[in-house]
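Enquirer: Sending over a structure as structure tokens; questions will come in a sec.
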Amino acid sequence: MSDISKASLPKAIFLMGPTASGKTALAIELRKILPVELISVDSVLIYKGMDIGTAKPNAEELLAAPHRLLDIRDPSQAYSAADFRRDALAEMADITAAGRIPLLVGGTMLYFKALLEGLSPLPSADPEVRARIEQQAAEQGWESLHRQLQEVDPVAAARIHPNDPQRLSRALEVFFISGKTLTELTQTSGDALPYQVHQFAIAPASRELLHQRIEQRFHQMLASGFEAEVRALFARGDLHTDLPSIRCVGYRQMWSYLEGEISYDEMVYRGVCATRQLAKRQITWLRGWEGVHWLDSEKPEQARDEVLQVVGAIAG
């Protein structure tokens, strides 16, 4: 697309970053100044009843800056990148029609990628194929199926953990149905995002600072009642660790503690470590992202001013 045709597109802002980097605080600050409406880009914040462990914006913050695509699914329900793209595009169109600018804020990089580049057409789920895969897993274990995926699609296997049955099953299902690997099919993009996008990423200047922020926030969550929140989910009886919601960082570790598998101290240690690993993956995504303007979490006023300098003109 030419620069001239891009300039004629409606405007949008991406505010990306690892967990605990200060994205939400910056987005709320920007909403006070720019004619923007916020859309959450987070695969965990979609779930109702999962507030403390997800660092969901509180009632006061949401009053100051409402976020779209929060609390739209029960923890028992799935939500895909395709679901997100459909919903986000609808929200963006609604915001643009009202004469305002969509500001998409979050850390689920797969969602940002799906929105920006579009999604390749993948085969629909096949219950028979899925049942066959699950039967094989029951007989041989998911480790065996992961080795099978490594043989046909090493790129996907490197990205999918052996203990992630949902994604592992889907990758094998796609191959069995289509004869093509998930990697092959996802290299074919769908429709690009019909917006002129200004992209920002916020993170502390050093990994050590980010690790400190992550540990502090995890302890703040515990002090705010995170255990009670997960106990309420645990008591429902219909949730389990094969669900994406319960596999979320922090929730998975607290679930193991409630099941008596690990001690409280071990839960805290694993929760912090898992959050650090998540942040590392998010930063790895962003380091390879084109056209990103980096902001420093430790200098929030400067970060705000840099965003205003880049996008302020579009609000005039």
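Positions of Cβ are set from backbone N, Cα and C atoms, glycine also.
It should be emphasised that the depicted structure is a prediction, and the values quoted were computed from it without experimental measurement.
For reference, Swiss-Prot lists these features for the protein:
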type    : residues                                               : note
BINDING : GLY17, PRO18, THR19, ALA20, SER21, GLY22, LYS23, THR24 : ATP binding site
BINDING : THR19, ALA20, SER21, GLY22, LYS23, THR24               : substrate binding site
REGION  : 42-45                                                  : region 'Interaction with substrate tRNA'
REGION  : 166-170                                                : region 'Interaction with substrate tRNA'
REGION  : 247-252                                                : region 'Interaction with substrate tRNA'
REGION  : 280-287                                                : region 'Interaction with substrate tRNA'
SITE    : THR108                                                 : site 'Interaction with substrate tRNA'
SITE    : ARG130                                                 : site 'Interaction with substrate tRNA'
Enquirer: Sort out the sequence-distant neighbours of GLY22 (ATP binding site) for me: same chain, 6+ apart, CB within less than 8 Å of its CB, listed by position.
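Expert: Expected: ILE202, SER297, PRO300, ALA303.
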Enquirer: When a 10 Å sphere is centred on the Cβ of GLY17 (ATP binding site), how many other Cβ atoms does it contain?
Expert: 27
Enquirer: Which residues in the same chain, at least 6 apart in sequence, have a Cβ under 8 Å from the Cβ of THR108 (site 'Interaction with substrate tRNA')?
Expert: VAL41, ASP42, SER43, VAL44, PHE84
Enquirer: Between the recorded positions LYS23, ARG130, whose Cβ has more other Cβ atoms within 10 Å than any of the rest?
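Expert: Result for the most crowded candidate: LYS23.
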Enquirer: When secondary structure is assigned with DSSP, how many helix, strand and coil residues does the region 'Interaction with substrate tRNA' (42-45) contain?
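Expert: Counting residues per DSSP class in the region 'Interaction with substrate tRNA' (42-45), I get 0 helix, 0 strand, 4 coil.
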Enquirer: Can you tell me how far the Cα of ARG130 (site 'Interaction with substrate tRNA') sits from the Cα of SER21 (ATP binding site), in Å?
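Expert: Just about 38 Å between their Cα atoms.
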Enquirer: Report, as numbers and ranges, which residues of the same chain sit near the region 'Interaction with substrate tRNA' (166-170): CB under 8 Å and 6 or more residues beyond its ends.
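Expert: Residues 78, 125, 130, 133-134, 137, 142, 145-146, 149, 160, 182, 242, 244 contact the region 'Interaction with substrate tRNA' (166-170) from elsewhere in the chain.
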Enquirer: Including all protein chains shown, what's the count of other C-beta atoms within 10 A of the C-beta of SER21 (ATP binding site)?
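Expert: A count of 26.
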Enquirer: Of the residues in the region 'Interaction with substrate tRNA' (280-287), how many are helix, strand and coil by DSSP?
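Expert: Tallied per class, the region 'Interaction with substrate tRNA' (280-287) gives 8 helix, 0 strand, 0 coil.
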Enquirer: I'm checking region-level scores; what's the whole-number mean pLDDT for the region 'Interaction with substrate tRNA' (280-287)?
Expert: 94
Enquirer: What does DSSP call ALA20 (ATP binding site) in the simple three-state scheme?
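Expert: Note: ALA20 (ATP binding site) is coil by DSSP, not helix or strand.
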Enquirer: Enumerate the residues of the same chain, THR19, ALA20, SER21, GLY22, LYS23, THR24 excluded, that satisfy the criterion Cβ within 8 A of the mean position of the Cβ atoms of the recorded substrate site; list them in sequence order.
Expert: GLY17, PRO18, ALA25, ALA55, GLY107, ILE202, ARG213, SER297
Enquirer: Across the region 'Interaction with substrate tRNA' (166-170), what are the DSSP residue counts per state (helix, strand, coil)?
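Expert: Once the DSSP states are binned, the region 'Interaction with substrate tRNA' (166-170) shows 5 helix, 0 strand, 0 coil.
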